[in-house]
Structures are given as C-alpha cells and as structure tokens.
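A short write-up of the structure that comes next.
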There are 2 protein chains.
Amino acid sequence: MELNGVAELPEIRPGDDIAALVADRAALEPGDVLTVASTIVSKAEGRTADLEEYPVSGRAQEIADRIEEIAGEEKDPRFAQAIIEESSELLIDCPFLLAETRFGHICPNAGIDRSNVPGHDLLLLPKRPTESAERIRTGLEERGIEDVAVVVTDTCGRPFRHGQTGVAIGWAGMPASRDWRGELDRDGHELGVTVQSVVDELAAAANLVTGEGAGGTPAVVVRDWEFGDHEGSEELFRSVEDDLIRQALREWRFDE
Amino acid sequence: MELNGVAELPEIRPGDDIAALVADRAALEPGDVLTVASTIVSKAEGRTADLEEYPVSGRAQEIADRIEEIAGEEKDPRFAQAIIEESSELLIDCPFLLAETRFGHICPNAGIDRSNVPGHDLLLLPKRPTESAERIRTGLEERGIEDVAVVVTDTCGRPFRHGQTGVAIGWAGMPASRDWRGELDRDGHELGVTVQSVVDELAAAANLVTGEGAGGTPAVVVRDWEFGDHEGSEELFRSVEDDLIRQALREWRFDE
C-alpha cells in the first residue's frame, strides 16, 4: 500500500471543482482511493459563515453562561448557536460541546473550524459529506477516471485516548466497513474481529501524509490497497440504540 | 509513505524472538516504523491462559449472572474473572465488559482474545506493551538495525462509530503524538488541530495491510514516513480526570 499527497493544490475557493483540481495534479488509476480533507470540500462548497449570522437563542446563551461559570472559559454564545444549528443532538453541553452533526458524525463543536477560514469566522463541515464524496467521484468519472473510491475526512479527538486522528465522514465507491464475520483464522477458528472500519483506517493513514499547516496536502492518493472479497457495510455512525456511551451521556450532566 | 506486510512469518510460539523473525524476512531501514500485532507479541510472551486458571470471585459471578439476566447472553464467569484480573477498572460491566487494562488501554473484555489461541482458551494482551515494543526495538538494534520505531497494535471498537480499527497499545523509538500547538496554517492562523495521535494512525494504516485470518500479516513495515520537526508527547491513554466520558460512565449503570 502506498500513500502520496497531491502536490500543489491551490487555496480552495467557493465553486472550485475538487475533482478537476486533483485530476490535473495526480495520475489516478483504477482501484485508487482518494482521500480529501473536509476543510477543502467545505471551502469548495462555500460552507463558510460569520458569527453575526447566528442570533443567539435562549439555549445558546444558557450554554455559554454555564461554560463560563463552571469552566471559567469564555464561550461566544453565537458560536454555541452555530453548533446547535449544525447539530441534531448535543451529547455534552458543558464544559465543552460534543455534538452529533445532522449527518451522524459525533465530534466537538459539530466540527466547526475557527482556525482555517480566511475572510470568515467559521468553516462548517460539508452538509452531506457522502454526497460530496459522490460528486467528486462523479467528477473524476467525467474526466475518464473510473473506479476511484473517495473518502472525505475530518480529524477529531475521541474518548479514552489522547489526541486526534483522521476519520471518515463521507465515502463513495466503496463500503465503509469490511465484515469478517464467518471468516476463519489460520487455525480454522472463527475470527474475533468482526467489522473493520476501513474508511476510518484510510482516513487515519492519509492524515499521516496530510499533515497540517502551511505544508499540508489535503488530498492523498492511496494505491495498491484493496477492499478485497468481503461483505461490506455502509454503517459508520452509531445510533443511540447501538451505543451505551451515548445512553450514559443522556443521563449525565457535568458538575464541577 | 509505503506499507508492506512482512511475509511468511511462522505461527508464533512462546519464547520466539519477534525481532529476529522479522529481521530475517524484511530489509528494515533506518527511519522505518515496524508495527506488530499484539496477538503475536502475546504468543511470543506466553500470554495464553485457560479458563480453569480463574477461580470465580463473587463479583465475577454477579457480573455473569446479571449479563445473563438482563442481556440474555451466557457469560462464562471464569471469563469475567479473567477480565477482572487483567483490569484496573471496569467502565461498563453489563451488558458487556468494557475494561481499562493495567497499562491504561480501554477496550472490551480487557482485550482478551478467545479466537486466536491454538491449544488454549484465552490470549491475554501483552502485560506491558511499551516494554514489548522496546524489547523488539532493542532486538533489532542487536542485529545492527538502527533507528526503527516499533508500534504494538490491537484492534478494537470505539464509542460513536461502528466497527473496529487498529490502535497502538505500545510504542518505542518515537513519541505517541505530534503536538502542533503554536504552529501556523497556510494563512498564518494558529492550527485548530492540536495533538495528532500518530501511533494510532500508524496502527490504523497497518491494519489495512495486516488483514485478519489465514492470509494475515501481523507485522507491517511503514517506510518514507517521518515524525518530523514537532514537539512530541508520550501520553496516549486518558486518565479519568481527562475524560468526561469516563466520568459519565462512573455515574451510570445499564438498565434494560
């Protein structure tokens, strides 16, 4: 398996065609996986916003006040409002906001980025990243580049472990997971591992190449990797029913 | 960045020298990262066990009874006992066991594997995987192979997202994380991403190559990847104080 960053992508602007920009710079081959950082997908889709676009609701003001009171941290209530509007549920609302986006991804601040947006206050995640991935894949096909899977990535932290890793938030041209159930190990035993989230592993691998900052390459080509002859699954985000941690969080409130 | 599985490793037995077995089969170079699946590290370290070695405590019996009562699933109380003995804390004890191992890794069943152990009931995780990684690294050095980082990997599920991914449980020759704090993006803004868990990303990437089952390659060589000129951190596992999810779980009990 080989990973290479797509060199010399320009700063992405609203309306830019990511498929075209990548196709001009990388000799994609059938079977490749192209990972694309959500930051540039969002920029191409014009998903920037300004804090003044978010008139503060009672709930947003309450959240900001409580974070300031308990955590001693200033939280702009308009930022809290933006997170609420991008979310279907807040799993934690103090001392930070852990949100489920409308497409099911759970991450701090609904993935809204305050660092990466020249000329604006906020960069929102793509609205429907799997549709974004499909559009990029279709754009490649229109340029004669067939059979390239596309994974839209984010980086976020997680429970239990320090630090952030690359994760997938949208994908096209391949299933999210490999299902190993029923397959056997060397000794003929059924496997302990059941479902392998390959899109997340591809996103994590790509993030090692992407880097951040001035030298970053937000698109990465993965070559000589195969999904292989396994059952696939399209599920990536757990529902509340499937997730004891989410159930526990519903009954819990932070208290300093 | 390039990843290649180490081909034709034999079935690993207690006392086997993993550094020697890998060095004989892969032309390692300075700067490479060698990932090694915990299953073979455990086998080499003789970390197999049988259920009859675990006389059932009151707590283990209680856990097994409650899982059977509430989840309707048969749980061998000796297996519950093994998990208790391998753990420093049970974060969830019903309807499944989520445990913190004595070295800080949080995973179902304290990572004890019931599928991968010819001749025994259980394969425990290595006792101190970072020491295992250091031993392998030293073993390589003794064979004249300098400057190869070693990551011992596990696969496990996680909250919020379906499926399992490769994660690091021990590492040597490199820090666990890159710290990007204070570094700037293309536009001169401070970065939103702060700490990147590169050992987990390397483990995830390697797991795409490792596969499972009969064709699996439990050791993978990562080439042409650099930690780079960043601050590093050795922290990977969150403590309770650093983890709201762990705090929430302490106040929660599963109730069907």
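The backbone N, Cα and C atoms fix where each Cβ goes, and this holds for glycine too.
Remember, TrEMBL labels are computer predictions, not curated facts.
According to TrEMBL:
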BINDING   A:9-12, A:38-39, A:LYS43, A:ASN116, A:210-217  GTP binding site
BINDING   A:ASP113, A:ASP154  divalent metal cation 1 binding site
BINDING   A:THR155, A:GLU212  divalent metal cation 2 binding site
DOMAIN    A:9-224  domain 'Coenzyme F420:L-glutamate ligase-like'
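Structural mapping of features recorded in TrEMBL.
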residue  : record                               : DSSP class
A:LEU9   : GTP binding site                     : coil
A:SER38  : GTP binding site                     : helix
A:LYS43  : GTP binding site                     : helix
A:ASP113 : divalent metal cation 1 binding site : strand
A:ASP154 : divalent metal cation 1 binding site : strand
A:THR210 : GTP binding site                     : helix
A:GLY216 : GTP binding site                     : coil
- Do any residues at least six apart in sequence from A:LYS43 (GTP binding site), in the same chain, have a Cβ closer than 8 Å to its Cβ, and if so which, in order? A:ILE12, A:ARG13, A:PRO14, A:ASP16, A:LEU123
- May I ask you to pick out the binding-site residues among A:LEU9, A:SER38, A:LYS43, A:ASP154, A:THR210 with a CB closer than 8 angstroms to chain B's CB atoms, ordered by sequence, or 'none' if no residue qualifies? none
- Query: In sequence order, what residues of the same chain, 6+ apart, have a Cβ less than 8 Å from the Cβ of A:SER38 (GTP binding site)?
  - Reply: A:GLY111, A:LEU125, A:PRO126, A:PRO129, A:VAL152, A:THR153, A:ASP154, A:ILE169, A:GLY170
- Query: Which residue, out of the binding-site residues A:GLU11, A:ASP113, A:ASP154, shows the minimum number of other Cβ atoms inside 10 Å of its Cβ in this structure?
  - Reply: A:GLU11
- Please name the residue among the binding-site residues A:LEU9, A:THR210, A:GLY216 whose C-beta has the most neighbouring C-beta atoms within 10 angstroms. A:THR210
- Message: Give me the count of other Cβ atoms within 10 A of the Cβ belonging to A:THR155 (divalent metal cation 2 binding site).
- Response: 25
- Message: Measuring Cα to Cα, how many Å separate A:GLU11 (GTP binding site) from A:THR155 (divalent metal cation 2 binding site)?
- Response: 19
- If you average the pLDDT over the domain 'Coenzyme F420:L-glutamate ligase-like' (A:9-224), what number do you get? 93
- Query: Whole-number Å distance between the CA of A:ASP113 (divalent metal cation 1 binding site) and the CA of A:LEU9 (GTP binding site)?
  - Reply: 20
- Measuring Cα to Cα, tell me the gap between A:LEU9 (GTP binding site) and A:THR155 (divalent metal cation 2 binding site) in whole angstrom. 20
